[in-house]
Amino acid sequence: MSDLQNQMKQAVADAAVQQFRDGMVVGLGSGSTAALMIKGLGERLAAGQLSDIVGVTTSFQGEVLAAELGIPLRSLNAVDRIDLAIDGADEVDPAFQLIKGGGACHVQEKLVAARADRFIVVVDSTKLVERLNLGFLLPVEVLPGAWVQISQQLKAMGGDAELRMATRKAGPVVTDQGNLVLDVRFEGGIADPASLEKEINNIPGVLENGLFVNLADEVLVGQIDGGVASARSLEKAG
């Protein structure tokens, strides 16, 4: 990752932290940009700049980080509502449709985003695309005993699926739910995210896929302008 990209991530994470208010129940996302945001939230709480915040995390990694920083946490089942969720994305199209799941946390991420009154996505400018899936593969979480069958069904739908393998251990990536992840590429990208999200989730054995359709209320983008990193709110197409 380049130094410029790191600067963009930090700028947008700093902007995200400014969205939190006293007394909020907040969804804390996963990934590198979200981790910077969680650190910023912890710093503001420690400095007394925020109070009465309760966090709901979307991954084990985020839970550990938030706990280390002293952020009070509750499970999704223990809260009636989430005031604001902030998370990253792997790709964002002009209509604010997303691909998420590079960290294999998209099931919990989607649960938190759907529960939130407001969902803000934070990305650097490299994550903005005209069409989803031309660059980043679509993650699909599947039951371990059905991944071959599901791969075949995805192929019949025009998708080329491969089982995600772990890099620090032998064998496949295993999600927090104990499932496997198929990474899928559709020729020409994904023209209709809303239809495809439903079609994939209707395959028996699929728990959830990484298409986030009509969930994002705002997208904050980190950018470099004149050598200086800053964040801006993206204008939604249409």
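Including glycine, each Cβ sits where the backbone N, Cα and C put it.
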Next item on the list: Figure out which of Lys127, Lys155 sits with Ser30, Gly31, Ser32, Thr33, Asp87, Gly88, Ala89, Asp90, Lys100, Gly101, Gly102, Gly103 in the substrate site per Swiss-Prot.
Entry: Lys127
Next item on the list: Calculate the distance in Å between the alpha carbons (Cα) of Ala89 (substrate binding site) and Glu109 (active site, proton acceptor), and round it to a whole number.
Entry: 10
Item checked: All-chain count of other Cβ atoms within 10 Å of Glu109 (active site, proton acceptor) -> 30
Next item on the list: Could you measure between Lys127 (substrate binding site) and Glu109 (active site, proton acceptor) for me? Cα positions, answer in whole angstrom.
Entry: 18
